[in-house]
There are 2 protein chains.
Amino acid sequence: MNIALLGFGTIGTGVYELINLHKGRFADNLDEPIYITKILDRDPNKKVDPSDHHCEIVTDPDLIMNDPEIKIVISLLGGMEFEYKMIKTALEHDKNVVTASKAVLSEYFAELNAIADEHHVFLRYEAAVGGGIPIIGSLNEELKINHIDEIMGILNGTTNFILSNMTENNADFDETLKLAQKIGFAEADPTADIEGYDVSRKLAILSTLAYGGIIRDEDIKKRGLSDVEAVDVEMVKSIGYVIKYLGHSKLLNKNQVYTTVEPVLFPNESMMGHVDSEFNIISIKGDVIGELQFYGKGAGKDATANAVVGDVLYVINSLKEERNPHYKTLDKDLHKMGNSGFSGRYYLRVHVTNNDELAYVMSVMNADKGRGQIVVSGDDVFFTTSEIQADVFDSLVERLKERTPKLFYARIYE
Amino acid sequence: MNIALLGFGTIGTGVYELINLHKGRFADNLDEPIYITKILDRDPNKKVDPSDHHCEIVTDPDLIMNDPEIKIVISLLGGMEFEYKMIKTALEHDKNVVTASKAVLSEYFAELNAIADEHHVFLRYEAAVGGGIPIIGSLNEELKINHIDEIMGILNGTTNFILSNMTENNADFDETLKLAQKIGFAEADPTADIEGYDVSRKLAILSTLAYGGIIRDEDIKKRGLSDVEAVDVEMVKSIGYVIKYLGHSKLLNKNQVYTTVEPVLFPNESMMGHVDSEFNIISIKGDVIGELQFYGKGAGKDATANAVVGDVLYVINSLKEERNPHYKTLDKDLHKMGNSGFSGRYYLRVHVTNNDELAYVMSVMNADKGRGQIVVSGDDVFFTTSEIQADVFDSLVERLKERTPKLFYARIYE
């Protein structure tokens, strides 16, 4: 069985090593040997293992797409449009595709699913959500019996590393982000991570599968993490909470979908509150099974390669057993309702520079029943509100921002 | 497709209801309708749903075993010898078997696996470990790529409920056990739960699969929970820990297996420390994937029925696709090494009634380097030791028990 690899970066190298290193282990499951015969990379001078005489680096994708011996294409390119084009072309050339691209999937889910279905090939993407955590497979299994109506997860290693580090070292957001970049936990352009796009794409994929209709990145209400400060970490700790960056979706009344990516406070005594550093956790709730949670490494070379190779083995076994792929229709008409389906008490810190601003903040918060406990400390005013609907609180904050834009807030999960 | 159910107790009823209630949901996956046509129960007067004209209660198992239309037997009898006989007979009659019996499986794993293999039928048991948590399937998936060398889990809902309740209400073990019995969380005879047999059987099944050789209940070093007192819960809380009842196995040097079921202290800031009440958690460690954890309802009618019906659907799909079962050989020669592969600091409380006993305890603990911090409070002496090997500490405790038998101890997990 011949396989092609698109992209020879960190994950690509991990997959290459895992397939070549671990052949002895796979042998149990395989009738014929598997070889990565072609690797697409922009740099033709990249080298594979010198003892590997089966594999060559190519720069022209057509050499892969038109190779009839290649049955599986593993796409690990990164980015969006080129990878989309490659995945689509491979499927159209009757090749089974395994990918880790949350960006491409969440953007082109319906189209790629339909092409794969039409060509009777497998399209697998376990590594696209939660890295090494087997969440896609588990979710699909539980959906055979359950209606899933809630998904919640700490899905981004970079922001979770930042929050863990801020907590541990009482450090500020900016310096911690710089540290994360220095040691390779954050990219030079961290926008996708800290503004919630990475979480949003993963949440879109899980929600689409769970609720049976397409939910896109743009349907998801996102709020970035960059307003959080050391003083927030300290204050919430003193009242028994920890800040996490959460993706959360709910299905209510059969077809109303509420989605949000935002900072949330978890109680110290919760499990979610203790998922640290580069680990991820995903919770799903079904009407029969109740709540299930899955925890593991959300990123990294080995864990992600593990998920990719797991998909490859699944495809190989399915081809051997002449099993056909089975695509669920994702055509349920879902109404995307923003975040008004969430509610809770809120933690809010507002920075004020003078008494007028303080009076303004007090009057805005006073006008609403949302005001609960108040602490004024130096130039900061801290509130913990009574229960309030998420979108109502958002609009309250918009009014505050008109005069006091330096603030941070988070829903309290209870 | 006709199915028989052996046992119509809580879980049996749950499975019956789930299959009859949820037929519409399964339809996607099924070419033909599925019917439970016969239910074996000692009580012939038990009633199925009056609108169900496909199903009858029978008291003679031969009516099931000799019915050629029945392709799947779901065995949920409880107990040991009769259920073993029923599962064996069903397999020998070429019937696929789905069971939740950890007792039968852990005792007769090799034999039943071999019979199923010989008869080319499926033997599935997802519900036997961790109730609704999909751990058997996930473990088998990860084993395709990984060497698993450590398994750890809070696997018993009854003891976890007792510990959670003792912590919450500052209550003693005996009264909490009585409460658990009253509300149906513990059986009239709680031995299997509080002496560790239930955890041990589950750990035996997971370890057998993970390490590739038979590990039996009797190979596992067990220590009961009943010595724990309210004062222990309080004391460990004050030093930042929480008591959990843990099953734990390790593979070292390729074929040495260390296993233990015992009370263990987890730090307050750990995830394991926050798994409360009837929930279970299972951690597995692989050489590629790293650590994965799975959390969910470890018992209960719906969650367990979910796992059973998941297995039933797997068998139905496999039969439809003419897939053959694939049994791994479990013939690796494993050396069962007791618990000496574990080590840690220990928490120890010894009850002393006079100064002679106190002097004795001090001399025993002093003779060994294990002595760390000491607190004497009323009639209790509390120690937290420096790191010490598990079996060495056990023998130290044996010496203490000669004169001061009222004591409790737990390894500290760090």
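One is the number of the first residue shown, and numbering goes on along the chain from there.
Cβ atoms are placed via backbone N, Cα and C, with glycine included.
All TrEMBL annotations are machine predictions without curation.
Since this is a predicted model, take the numbers as computed values, not measurements.
Feature annotation from TrEMBL assigns NADP(+) binding site to A:L6, A:G7, A:F8, A:G9, A:T10, A:I11, A:G12, A:T13. The domain 'Aspartate/homoserine dehydrogenase NAD-binding' annotation in TrEMBL covers A:7-126. For A:K102, the entry in TrEMBL reads NADPH binding site. Annotated domain 'Homoserine dehydrogenase catalytic' per TrEMBL: A:134-313, in sequence order. If you look up TrEMBL, you'll see A:E187 marked as L-homoserine binding site. Feature annotation from TrEMBL assigns active site, proton donor to A:K202.
Sequence features, as recorded in TrEMBL, placed on the structure.
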residue	record	Cβ within 10 Å
A:L6	NADP(+) binding site	24
A:G7	NADP(+) binding site	25
A:F8	NADP(+) binding site	21
A:G9	NADP(+) binding site	13
A:I11	NADP(+) binding site	26
A:G12	NADP(+) binding site	26
A:T13	NADP(+) binding site	18
A:K102	NADPH binding site	25
A:E187	L-homoserine binding site	12
A:K202	active site, proton donor	28
- Rounded distance in angstrom between the Cα atoms of A:G9 (NADP(+) binding site) and A:K202 (active site, proton donor): 21
- Message: Need the DSSP three-state call for A:K102 (NADPH binding site) to compare against my parser.
- Response: helix
- Message: Between A:T10 (NADP(+) binding site) and A:E187 (L-homoserine binding site), how many Å separate their Cα atoms?
- Response: 13
- Message: Is it possible to get the count of other C-beta atoms within 10 angstroms of the C-beta of A:T10 (NADP(+) binding site)?
- Response: 16
- Note on the structure: Per the 10 Å Cα distance test against A:K102 (NADPH binding site), the binding-site residues A:G7, A:I11, A:G12, A:T13, A:E187 reduce to none
- Note on the structure: DSSP composition of the domain 'Aspartate/homoserine dehydrogenase NAD-binding' (A:7-126), residue counts helix/strand/coil, works out to 53 helix, 21 strand, 46 coil
- Message: What whole-number Å value do you get for the CA-CA distance of A:K202 (active site, proton donor) and A:L6 (NADP(+) binding site)?
- Response: 21
- Using DSSP reduced to three states, classify A:K202 (active site, proton donor) as helix, strand or coil. helix
- Length of the line joining the Cα atoms of A:T13 (NADP(+) binding site) and A:E187 (L-homoserine binding site), in Å: 19
- Message: For the NADP(+) site (A:L6, A:G7, A:F8, A:G9, A:T10, A:I11, A:G12, A:T13), what does the 8 A shell look like? I mean other same-chain residues with CB within 8 A of the CB centroid.
- Response: A:L5, A:G14, A:V15, A:Y16, A:D41, A:L76, A:L77
